[in-house]
Structures are given as C-alpha cells and as structure tokens.
Amino acid sequence: MYLGWIDYGVLVLLLIISGAIGIYQGCLRSKKVSTQEFLVGDGQMKILPTAMSLLASLTSAASLLGMPVEVYYYGTMFIYCVFSWLISTYITMKFFIPKYHYIGCVSIYAYLEERFSLTIRILVTSSYIVITVLYMAVIIYGPSLALSQVTGLNIWIAVGSCGLVCTIYTSFGGIKAVIWTDVIQSLVMFIGLILSIIFGIIDAGGLSIVFEKLKNGNRLQFSVITLDPSIRYTIWSVLIGVTFSSTAQYACIQTQAQRYMCVKNTRSAQKVVWIHYGMNVFMQMLFLFVGCLVYAKYNQCDPLQAKRISRSDQLYPLFVIETLGKYYGLTGIFIACILSATLSTYSSGVNSIATVIIEDIYKRLSNKHSMSNEHQLILSKVLSAIFGCLTVLMAFVVSYMKSNIITIIIQIFGAFAAPILGLYLLGLFSSRVKSQSALVAFFLCLIFQIFMLFGSIFTIKPTNKHGGRLATSLIGCIPSINVTHSRIIHTTNSNIFVSLFSISPLWFIFNGTMLTIILGIIFSFILDSKDSKIIDPLLLVSRYEIFPCLPKQTVIEKNNTISNNDNIIEHESMI
C-alpha cells in the first residue's frame, strides 16, 4: 500500500512546522542568541511546555513501535510500571533536582566533578555520548522501518531525511526550538495513538470482543510472581528493574535532565517531573490498549510466523495499514506520529550532546570557561553535523540486530547507564566513597555491562529460556500457511554464561547499579583512606531530605546563573 496525497501532505506539514519553529527561534524571534538561551532557554521556559518536551524526548519511535509488540507477545504485566515510574519520579524530584540546581551548571555531570573529580565527569560524559548516539541510531531506524513498510520508500532515504530535518532546526533554534517542536510532536503522538485505538475498536467489533480474545489468548497477565530472572515481565522485574531504569533515565541522562535547568528554579523543575509522570502514564496506557488491539486482530494468524512481515517491529504499522488505511489521511497521521517521536528524541539528543561536549569536555580541558556566542553557535552546528552523520552510520549497524527495537534500547541503555546511576547514588548517599574508588567501580561495572550486552545479543538462547513469551497461532490464516514445526526438546543447559545472558533485560540496570555501589564501597576502604578532599555537605543527601518529618535544612543555589533563589515561592503560570 502506498500513501495518498493527503497522507504526504500531513507528513510535509509536520516537517514544515518543525523547521519553521527552529528558524523562528533562531533567526526571527531574537537576532542575537546568548549561550544560556541556546542551551537552556535562559532558565525561563514555562512548566507545561517543558514537561511535554520531557515526555516527547523520552517517548521515542522505539516506544511507539516496540511497546505494543511487547503487549502482543508478553501480555499486560507491564501495567505495573505505573508504580515504578511513580517511585522514580519521586526519587528524581526529591534527591537529584535540588542538587543540580544547587550546582547551577547547564550540564548535570558538573555534580560529579564537584563530588568526585574532573576525570570522572569526563568519563561519564563520554559514556553518555556513546549511549545517546546508539540510542538515536535505533530510534531513527525505527520510523524509517515503518515508512518503508507502508510506502515502499527506500529506508536509508528516510533515515537521512529525518536526520537532516532534526539537525537543521536544532542548530538554528537551540533548546527553545527543541522544546516547542516537542510540544507539537507530542500532540501528534497522542492524536495518532488515540485514532489507532478508536478505529481499532471499531474494526474489532467492540471492547467486549477484544477482551474475550485477550482472555482466551492468556494476554491478561497480572500475577506473574516467579523468581526466574529470565522471565521478562514479573512483579519483581517491573517494580525493581524498571524503577532503577526509569531513575537512570529521569535523573542521570543529560537529554532529559537538561529540561530541569530550562525552568527558573528547583520548585518549577519538580513540577515538571510530576506533570510528566501524569502524561507518561496516560501515554503508556495508550500503548497498552494499542497492543491489546493488535493482538485481538492477529490472535489467530501471527503475521511474523506467516511471513507477512520480516520483523516484529513492523507489526504495529501493518495493523495501521489494515485498519486505518481505508480512511484518507489517517495513515499519514500515523506515520507523522512515528516521525514526531523520532524528531523529538533525535533533536533532544543532538542538543544535549553538543551541550556536554562544550561544557564538560571542551571548556574543562581547554580552560576556556567563557565562550563567545558566535563561537558557541559555530561549535554547536559542527558537533550537530558530526553526530548526525555518525547516528546514520550507527542506524545501518542497528538494522542487522534481530531483536525488536524496544529490546535493543533496553539492552544498550542498561549497559551504559547502570554505572552512571551507581556513581550518582554513591555520590549522594555515601560520604565515604571518593574519587579513586568511584573510578575503579565505574570501570569494572562498565566492562561487565558491555560483556553482558554483547553476550545477550549474540548468544543463542536455549528453548527453555524464552523469557516468558506467550504462544501465537496460525490456525486462522487464509489461505492456509504451511509451517514446518521442528521438534522442541526442553533441555536444562548447565552453561553458566547462557543462563547469565538469558536474564531479562529489565534487570540490566539494577544489576549494574548494585555492582557499582558494592564495588565502590569495598574499594573505598582500600583506595580512599588517604584522600583528604573535603566534601561539600550540600552535595550529599541529608537525613532531613530522607525523613521529611525532621526539621528541614535550607538549601540555596550555589551558582545563580541559571535558576533563581528557590526560597522565594512565586506563583507561575503553567502555560
């Protein structure tokens, strides 16, 4: 099936609006953009747009294409993520955001230099850059896959087009352009998902029929409590694993945390994360409903087994083609929805990479703590172009990975984000751990996580390590599909590495974070006994912050260049 003129019109309109916002913010709205305005909007962005931007940067095309597939194959256990996100949001709001505003730097990794050393700051920044490039490669490949499936458009033309548009409006308009395009793009995502649900229910014949098919197919999963770590979605992997993963995303990754520095003070940033939580829950419930509708449609004829699609990530686009394709313009809205998720995440990543390279590496190593606006803009554009090209090259590598997109994201993010979260938790909660022990713990954990990443990707899992994947059927395929079924012999594999690499990817960050913490504490007794560095007590989480019932300790901003004094509570418009 190919797109009509109305569908193409929707896509072109989205690209024009995104580009126009960048040009307006960069060229028309203000003739001379300051460094602070380019990176964090002078700390004067409003709460609601910033929260929507945070949602858009976290909701990538990998989520849009991958989460409905997770429901299709694993059922509804991921609904318990609502509680994990609540805990992560509280931890971020309570312990991380006040420290970032106290430091007062554009980059959140400045905290690591204040708490540990410049070496750790640069190493963590480098790890963040690797995460973000790989992450962007996956999310830019995802929508291109959808476009290729629907329109027959060459997938690499789609990849290049997405990268080009994002680079242009990010380089012109800075963080303000990113945030306001994110607002538009998040609205498009909501519209696309809601339309998929409405017409999906109509196509299925009503909610009661959908519910009956889910029940018969064992997709209504709410009580998986097994302790087997290879099962992807259990109460434990969701409540523990996703809590650690979400905390790393919300609190330790510059792409998201940079939004907290775009508003004027700590209290405003805390409002941003709570509003984001509400919108994120709503968005994820839409993913859940879409996944249920996809299963209801294909419960008797799995498209992947029937060879109608080549990868599970194409399942949702196929559903849209066959459900919305007969209505003019709706397929275009769906593709615009996927494209919006890509543009928002990609632009946020490009802007944040430019920020950390300038703030954490260039300025710190060259001792140039102040840069002219012209120098800042030129360097940002060059960095955007370089990392845009690198992302496209990495997208070519991602195309050869056989796992679905959301699994690749979880594995890559878990490998590199775990030691970063571990360092932050050591820095916040342990005054004993100093620079040397933190550095050793970071390296050892990173080596272990990379080992786990490659092992989980390239190891062939035994049949008894299926991760809790539920059965699919071909009995309703018309015409009949002849599928050769090989005899499956369930054997117990005693290879410790196979068992290790079969662990659910939801445990990746938890395992790595705990390893970093344990190693950091152990090595602190060996390496830090002679470290005489005096730690600023305001860089640590005090007992007053952990137990709010105790008398509160006043915390002020260390550097007031970005945010104003939080002790003055001001009434602020949400819009």
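Note that Cβ sites are derived from N, Cα and C of the backbone, with glycine treated the same way.
Look at TrEMBL and you will find 6-26, 47-65, 71-97, 118-141, 153-175, 187-211, 231-253, 274-296, 327-358, 405-426, 438-460, 506-527 (among others) tagged as transmembrane segment.
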Seminar exercise, completed: One stretch in 187-211, 231-253, 405-426 has more Cβ pairs under 8 Å to the transmembrane segment (327-358) than the rest, namely 187-211
Exercise. Looking at the stretches 6-26, 47-65, 71-97, 187-211, 274-296, which one shares the most CB pairs under 8 Å with the transmembrane segment (405-426)?
Worked result: 47-65
Exercise. Would the transmembrane segment (118-141) count as touching the transmembrane segment (438-460), i.e. at least 3 C-beta pairs under 8 angstroms with sequence separation of 6+?
Worked result: yes
Problem set entry | Beyond the flanks of the transmembrane segment (47-65) by 6 or more, those residues with Cβ under 8 Å of it | 135, 138-140, 142-143, 145-146, 178-180, 182-183, 185-187, 189, 193, 249, 255-256, 259, 262-263, 268, 271-273, 275-276, 279-280, 283, 287, 313, 316-317, 337-342, 344-345, 348-349, 405-406, 408-409, 572, 574-575
Problem set entry | Chain residues in Cβ proximity to the transmembrane segment (118-141) (below 8 Å; excluding those fewer than six residues from its ends, i.e. six or more beyond) | 60-62, 107, 109-110, 112, 155, 159, 162-163, 253-255, 341-342, 345-346, 349-350, 352-353, 356-357, 360-361, 364-365, 387, 390-395, 397-399, 405, 408-409, 412-413, 416-417, 419-420, 423, 435, 438-439, 442, 446
For this session: Run the contact check on the transmembrane segment (187-211) against the transmembrane segment (274-296): 3 or more C-beta pairs under 8 Å, excluding pairs closer than 6 in sequence.
Result: yes
For this session: Would you kindly list the residues that approach the transmembrane segment (231-253) from elsewhere in its chain, counting only those six or more residues past its ends and only Cβ-Cβ distances under 8 Å?
Result: 58, 70, 74-75, 77-78, 80-81, 83-85, 87-89, 91-92, 95-97, 108, 128, 131-132, 221, 223-225, 273, 410, 413-414, 417-418, 420-421, 424, 467-469, 504-510, 513
Problem set entry | Tertiary contacts of the transmembrane segment (274-296), as residues 6+ beyond its ends and Cβ separation under 8 Å | 47-48, 51-52, 54-55, 58-59, 63-64, 67-72, 76, 78-79, 81-82, 85-86, 89, 93, 186, 189-190, 193-194, 196-197, 200-201, 204, 209-210, 213-214, 217, 219, 315-316, 319, 574
Exercise. Which residues, given as numbers and ranges, are at least 6 beyond the ends of the transmembrane segment (6-26) yet have a Cβ under 8 Å from it?
Worked result: 33, 165, 168-174, 176-177, 180-181, 184-185, 188, 328-329, 331-333, 335-336, 339-340, 343
